[in-house]
Each structure stands twice: as C-alpha cells, then as structure tokens.
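Chemist: Once you've had a glance at the structure underneath, I'll fire off some questions.
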C-alpha cells in the first residue's frame, strides 16, 4: 500500500446501494414512518369508537348479535328519566367542579408563583392528589364520607361537639351529588394549578414592574395583566378539564355507583351500568354516544371563545 | 422636572453588598448617564431610583423630597425597560394610555395625551397595532411614548438600546437625545456602552464594583480621567496603558525604552502607569521606531497596532498610513496629552 499525503487524498465517491436509495426515496419514508402510528390509532381508537357508534344503532345484548334498529335506542333514552337525570348531573357535576377547580387552582397557582421558602417541595406536595390513582383516592373519600366512620363526622360530633348526629354524605340525593363534586375538585386542582403556574411563569416580571410604575393596584395587575395573558393557557386547560370531568367514571363508580336511587349517575357510569353490568350493549353504547355532542360543544366553546387572541398572532401584517 | 439627589446609597442582597455608598447630584433637566461594565451596580441604582428595589442605606430624593419609602407610582417617574416591557395583549394606544386608564382618566383626555406623545415620536399610524406587529425600533418608541404620556419629573432608561441592531442604535440614540432637548426632563440613563454615554450625556457617572469611579461631563472624563479604570473605559479605541518607572525625568518601560513625560509633571521617581490615547500618537520623524503589526483602515482614520520592545500599543491616525505589517514607523506621543497614574493606587498623578 503506497502512502498518500493529505494533499493528494481525495474522498472516494461510491454509488449508494439500493437500500440506501430506497430509504432516501421520500414516499417510501413517509409510509414507513407513519405506519406504526396509524396502525395503533386505527386499532385502539378508530375501531372501538366506530364499533361503539355502530352498536348504538343496534339492539345487541351480551350473547346475542343485535339487529339494526336505527334511532330506537335514542328515542327510548329521551323518554328515560334516569338518562335525563344523568345528563343533568353530568352537566351540573362538570359545571360546579370546573368552577371550583379553576377558582381554587388559580388561587393556588398565584400563591405558588410568589417567592416563598421550600417552594419546590410545596409544589411537589400539591401534585400528590393527581399522582395517586383515582380509585385509591376514591376509596379514601368513600371512608371520609362513610355514614358511620367518617372522620369529618367524628370531628364535628366527638371533637368539636357541634352536631349530635353523623353527617349523611352519600345517603341522600343532593348531599351525595355535592360530596362527589368536592372529591372531583380535590382531585382536579393539581392539574389546573400546575398548568396555570406554568402559564404564570411565562409572564415577564418587567410587565409587573412597568404596571407598578404606571400606578396599578395588585387587583388591577391581576385584572389587566395576569388574567388576559393567562387566558390562552386557561382555555386549553379548561377544555381538557371539562372533557375529563364530563367523562369521569372512576370517582363516581367507586364511591356511590350512581346511587342513591340513580341520583349521581354520570353518563359514563350509566353507560357502563346498562351496557356491561346490565348486558344491554346497544343501549349502553347509545348512552356513551350521547356524550359526544356535549363534548364537541364544550371543546368548540373553549377553542373559539377563549383560545384565539389577535395579539398572539405573528408579525404577519408588518 | 426635578433635581435628583443620591446620598451615600448602599444596596445589600443578604450579606452581599453590591453598592458601597454612592452619591450623585443631578441638576434639574440634566441628562445623566450611568455607565460601567456589567455587574457594577448601575442598573440596581436605577431600579432603586424607580422604587423597584428597596434602599439598604442612604437617601434618595426627587425634587427635594426624600422618596426612600415612597411607592414607585408616587415618585413621579417613568421608566423605559431594556426589553421595553410592552403589554403584549394591548394595542399601542392602550399601552400608552394604560397609566391614565388606571387613574380613571376620561377617554378624550387619553386620546389627547396619547396623540401628543404619538406625534412627538411619529407613532400616529401605529396606534391600533399590537406590540408583536412592530419592529424593534417602533417598540422602543412605544416604550418611550408610554413614559412621555405620564409627564414625569424624571425619565429613567435601563439600557434601552441594547436590543437593537447597530444602525438603529445610532438612530435611536440621537432620537432620545433630541427628545431630551425638546422636553428638558431630568433623565437618568443606564448603559454599558461608553459611546452612548459620551454622545448623549450632560454628565457621566462611571461606576465599577459598586462605587463611583468618576463623575463629570463627558469631555472632562476623556481629558482628565481620574484613575486607570476610567482611562481604560472611556474612549474608543481604548487608551494605551503601559507599566514602567519614572527615573531621571523620563518614563522607561521594563525593556528600557524611554517615553516622554508631560511637561511640568510632578511625578516622583518610581513605578507608574503611562497612558496615551491612540489618537494622541503622531507620526513623527523624530519619534520612536515601532514595528507595525496590524493596519486597520476605517476610511476616516487608520488604526495601527505597533510593537516596541516588549510593549504593544495602538495608534489612530487621521492621515492615510501606507505602512504594511512588518514595516517600521517612527511615532511619538503628544507629551501634553500623556496621562500618568500611580501604579499602586491607580489614581491620576
């Protein structure tokens, strides 16, 4: 082998092999890269959703292949007081819980955005309710709301002596409804608080300093700077929160199973009750499908009413 | 419009003192530039003037009133921030009218005042735009507009030009100076750029490590720097500073090259630092022979880097220098413009 000096050496040009050429060919690459994602989505999302929607228009029960019945399931549901009650409670539950979660979550986020000692530990603690599996926290709440062993009743009756009887948390309609909402708020606050905290931290401190020099009070700084600048992220977090709350299942099913007397059924728990426990797959699917319009409406509202702001758009019309 | 008095002001963050007793008196209508390298405490001092930082010790007064405990909004000042701090969700009009809106001013007053400021700054056509839709220079103007609208006693500028490109910076520099000449409002301006300081200021305050090195009119600082730090900081290209000893009426570098002393100097024999600005070197057939290392023509002048013995120094000449690297040129300092500093204390002799 003869020695080659640096000046003489030239990088050899080789023709790429067919496999290299194939991977350089864009259509092939696009298909190869998309295939896993599309496959997973089709199998686990599109197929079950399509099947569910299809089932909603049949009278399938467990063990019997149903026939196409058109809108019969929905016509029946419209006249069903339990379904109508579930619709009412789903909307009520979502509405009150969202107000609670955002009120308290925003307040917590504002607190956490202040300088304070042990900030990161406190933030971690705040995330706890969200990290604990829902069913576990539901069981904890089930005990908290227990007619006999409730710790809240214990404190009011035995410790403070303010009441002579235990509190009836989940034995009657309205207390049960509100008890579940409280549990949902407790569980939902961390998500809201941490997301909004992330949003708050993107607001430049110099804006507050400028506002301070402009003569603002702390309420005015919140009203004119924090809140409008937080709105975009608020809209996104609220959309997610509404969807998660409206489709909630675990908390309600673990604590009350929709009782007493079906008063705390959400659409999701009712769909499960009728479809799986009751075996009426077609009817259960119809109840599940009946959630879709509400979810679409909530999403569109958040998206159009809150998300788009002119000031966020780019420097297009310079 | 008002005077500003800063008396023995100190600032501590925990146990760490960043300002060690600073005193400045600013006359009514003056344009004062605080200049120094980053970390020297100039921005902290400005923020203390604004009320954004509290005062650890000392006293700040605006218009004769001590404002140590007065909240920012009652100090009658307006500040332009380095990043402009424009409210991104408000139009230019709303940005400029924000302080009046908070104060509950009627719409027609806001329109009148914003219109006046917009006219001064040429922003009339941009009032409905959002900050994102503006260029850097326009945002800068809006930030100034927001300050003008408030009719403050004192304007504070915190490195307002550092986010602009070089050309725009020169343009905005003269706009700000012109604005000051028109409004005649007392202005405190912070920058790390000594050219900005020289071109804009009535008074320059040079700061370093939390103390004031020297304060005075720009040309006084240029002509008679009080110490080595100011000598090296003010002026571009920077002053040549050469260490050596004074002995027998001449200055000698460690390798023995003699440099002329200023006439009538009272420098005692001993170690000194010898300072000569590049523009005060002359091509002189009687001068010292120096080796040309680098020639940088800028058109209006030519900068040349020389080596003489062990010493490197630069010269700036109005005439065209045709020498090339490796050539010998005879150069000499103008003795009357030589600065001598005590080597131990750094103070001017």
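Cβ from N, Cα, C; glycine included.
Please treat TrEMBL annotations as automatic predictions, because they have not gone through curation.
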Chemist: Could you check which of A:155-177, A:224-246 is flagged in TrEMBL as transmembrane segment?
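Modeler: That would be A:224-246, per the transmembrane segment entry in TrEMBL.
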Chemist: Kindly point out the range from A:59-85, A:86-112 that TrEMBL annotates with transmembrane segment.
Modeler: A:86-112
Chemist: May I ask which of the stretches A:28-57, A:124-145, A:185-203, A:224-246 has the most CB pairs under 8 A with the transmembrane segment (A:86-112)?
Modeler: A:185-203
Chemist: Which bits of the chain, at least 6 residues beyond where the transmembrane segment (A:28-57) starts or stops, bring a Cβ under 8 A of a Cβ in it?
Modeler: 22, 66, 68-71, 73-74, 281-282, 285-286, 288-289
